[in-house]
Amino acid sequence: MTSSKIEMPGEVKADPAALMASLHLLPSPTLNLEIKHTKIFINNEWQNSESGRVFPVYNPATGEQICEIQEADKVDTDKAVRAARLAFSLGSVWRRMDASERGQLLDKLADLVERDRAVLATMESLNSGKPFLQAFYVDLQGVIKTLRYYAGWADKIHGMTIPVDGDYFTFTRHEPIGVCGQIIPWNFPLLMFAWKIAPALCCGNTVVIKPAEQTPLSALYMGALIKEAGFPPGVVNILPGFGPIVGAAIASHVGIDKIAFTGSTEVGKLIQEAAGRSNLKRVTLELGGKSPNIIFADADLDYAVEQAHQGVFFNQGQCCTAGSRIYVEESIYEEFVRRSVERAKRRVVGSPFDPTTEQGPQIDKKQYNKILELIQSGITEGAKLECGGKGLGRKGFFIEPTVFSNVTDDMRIAKEEIFGPVQEILRFKTVDEVIERANNSDFGLVAAVFTNDINKALTVSSAMQAGTVWINCYNALNAQSPFGGFKMSGNGREMGESGLREYSEVKTVTIKIPQKNS
């Protein structure tokens, strides 16, 4: 999710005609993809579930079953934790490994992802419904950059000496926490896998990770690459299964020292409660959002319209960062709405494997129904439906790009996270007013402001109650920058140097010495 726009080679232009003429330059999906990895991955081995249960995985573009996956449960979780604890034990290969070698393993994993980039992008597209070109150019690029970024950090994490009073020599060590439980969502399955494991492994931890039950395929494929890269057995263990069973077992397991979760605020609360009730494990939560995107009259209007469009419709609107509350200054409101509607009507919805497609299906029937219900609530509560608002086609879970105007702050569509292709456009008059309204939310993940006035930009960005603020851009996420939320959008930070702090403990060591000299 390094950019809200799919960045293609320079020879390939964005307009459909040029795109069609340049198809030979684009990567191609893997035809007749064979799903080889459908079992649980523990101790670098593929295992059946202890219960013998399996669950189906579907293609959201067609509603058809792709395959069946072994369903992990509490017993399998216990096995994975034992493997992770053994791999983390004092004197183990992993604990004795030089930090530089950990970095080399992460770099090797990045090499293997690059080698299999088309396969992984095909798998992401097939399993999650996102356009193949987005998966290839955005998601996979983010995976590779994240792995390489933390590979570079592995031998640069260190403590310091401290000039304490008295005849003592004091220094600090940054040590791995231990076994890390990680639970990832279905909207960016592979990218979130990398966001979670890369800093954890960089610091020397071991991992038990649960992919979303809707999208386990790419995570399981990564298990094979992790083994091929040379990570010791037990360092990474992958448990496909369901949140109330495996997710709950991870959150409450006393053998897990830290948990990281990306998903809904509702589930995040349950995880934090379970972590507290069990062994008070450390918790990092990246949760929901209802992000404000503020457009001032002095902004470049065409650019702001396109960025706002991508900011909410990217990845079928299934982004925690989606800029779904768009506040537009009154003097340009009507024109902004007109151009936004024109752009939404041009958005190409279709097969994820069609290179002209901008928007694929929603992830499943449950999410599809939730989005349509919230769209109906917007109509009922008096917002103006400018375009879209309905499902598309007989197969799959496609929804028309939808734009609402005349939205007010008290409407459900302005307060609740829709997680779908629905743009809500509100109007404002003054800077102070829009700051107060933008901050009047339980969430605080990201915010954005579009203006050519640096004073407005800095005033608004400093006032926003959000972990990330973008000025004249949107979805500008990078491996080097910390990411996380204020308020009910979570706690802790992922990515950047800050992400390392979530996976290490600082130990102070003090030695009595005969005499200290400066």
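Just so you know, glycine gets a Cβ as well, placed from its N, Cα and C.
Keep in mind the model is a prediction, meaning the values are calculated, not measured.
Database features, via Swiss-Prot:
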{"type": "ACT_SITE", "residues": "Glu286", "note": "active site, proton acceptor"}
{"type": "ACT_SITE", "residues": "Cys320", "note": "active site, nucleophile"}
{"type": "BINDING", "residues": "184-186, 210-213, 264-266, 366-370, Glu417", "note": "NAD(+) binding site"}
{"type": "SITE", "residues": "Asn187", "note": "site 'Transition state stabilizer'"}
Inter-residue Cα distance where the pair is Glu286 (active site, proton acceptor) and Thr265 (NAD(+) binding site), in Å: 8
For Pro211 (NAD(+) binding site), the number of other Cβ atoms found within 10 Å of its own Cβ: 28
Entries of Trp186, Pro211, Glu213, Lys366, Tyr368, Lys370 which, being binding-site residues, have CA atoms within 10 angstroms of Glu286 (active site, proton acceptor): none
Among Asn187, Thr265, the most crowded of the recorded positions [Cβ within 10 Å]: Asn187
Minimum Cα separation from Asn187 (site 'Transition state stabilizer'), reported as the residue among recorded positions Glu213, Cys320, Lys366, Tyr368 that achieves it: Cys320
Lowest local Cβ density among Lys366, Lys370, which the record lists as binding-site residues, within 10 Å: Lys366
Assigned element (helix, strand, coil) containing the residue listed as 'active site, proton acceptor', judged by DSSP: strand
Cα-to-Cα gap, Lys370 (NAD(+) binding site) vs the residue listed as 'active site, nucleophile', nearest whole Å: 16
Alpha-carbon distance [Cys320 (active site, nucleophile); Tyr368 (NAD(+) binding site)] in Å: 17
Rounded distance in angstrom between the Cα atoms of Trp186 (NAD(+) binding site) and Cys320 (active site, nucleophile): 11
CB contacts for Tyr368 (NAD(+) binding site) [other CB atoms within 10 A, all chains]: 19
Intrachain C-beta neighbours of Glu213 (NAD(+) binding site), sequence separation six or more, cut-off 8 angstroms: Phe55, Pro240, Gly241, Phe242, Gly243
